[in-house]
Amino acid sequence: MGSSGLLSLLVLFILLVNVQGPGLTDWLFPRRCPTIREECEFRERDVCTRHRQCPDNKKCCVFSCGKKCLDLKQDVCEMPNETGPCLAFFIRWWYDKKNNTCSTFVHGGCQGNNNNFQSEANCLNTCKNKRFP
């Protein structure tokens, strides 16, 4: 098979991947946990220790000062701030994509989402220089 045949197969493969959706591309090109270095005021409780402990094909990643289940297809910095259902009172930071800034919010101490940082510096380090579509 000549180079034009290989090129045709490559184009067909790319089109097939686009039609099949993310499932096939995730299998071929698995996403990895983020590698963001942060200075933590304290180590947070780990939510998981292995990928299989995470629901819905999420991955167990070191993120925001502890191990957390992350959906690698969803950008943490695009999530809204979520207080969670518990009634503790922790001042935390979240990234506001609309205003391109980090702001404080009160976290109840459980659940919520991963757009939840110990400090403004960690929030900015994770989200500020991202390019959003």
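Every residue, even glycine, has its Cβ placed from backbone N, Cα and C.
If you check Swiss-Prot, you get these features:
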DISULFID  CYS33-CYS61  disulfide bond
DISULFID  CYS40-CYS65  disulfide bond
DISULFID  CYS48-CYS60  disulfide bond
DISULFID  CYS54-CYS69  disulfide bond
DISULFID  CYS77-CYS127  disulfide bond
DISULFID  CYS86-CYS110  disulfide bond
DISULFID  CYS102-CYS123  disulfide bond
DOMAIN    26-73  domain 'WAP'
DOMAIN    77-127  domain 'BPTI/Kunitz inhibitor'
REGION    117-133  region 'Interaction with LTF'
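The distance from the Cα of CYS102 (disulfide bond) to the Cα of CYS110 (disulfide bond) comes to 20 Å.
The Cβ of CYS123 (disulfide bond) has TRP93, TRP94, TYR95, CYS102, PHE117 as same-chain neighbours under 8 Å, each 6 or more residues away in sequence. Averaged over the region 'Interaction with LTF' (117-133), the predicted model has a pLDDT of 83. Break the domain 'WAP' (26-73) down by DSSP state and the numbers are 6 helix, 10 strand, 32 coil. In terms of DSSP secondary structure, the domain 'BPTI/Kunitz inhibitor' (77-127) contains 10 helix, 15 strand, 26 coil.
Cβ packing within 10 Å was compared across the disulfide-bonded residues CYS48, CYS60, CYS65, CYS77, CYS110, and the lowest neighbour count falls to CYS110.
Separating the Cα atoms of CYS69 (disulfide bond) and CYS77 (disulfide bond) is a whole-number distance of 15 Å. The distance from the Cα of CYS110 (disulfide bond) to the Cα of CYS60 (disulfide bond) comes to 17 Å. Fewest other C-beta atoms within 10 Å: among the disulfide-bonded residues CYS33, CYS69, CYS127, that description fits CYS33. A Cα-Cα distance of 7 Å separates CYS48 (disulfide bond) from CYS54 (disulfide bond).
All protein chains shown were included, and the count of other CB atoms within 10 Å of the CB of CYS61 (disulfide bond) stands at 21.
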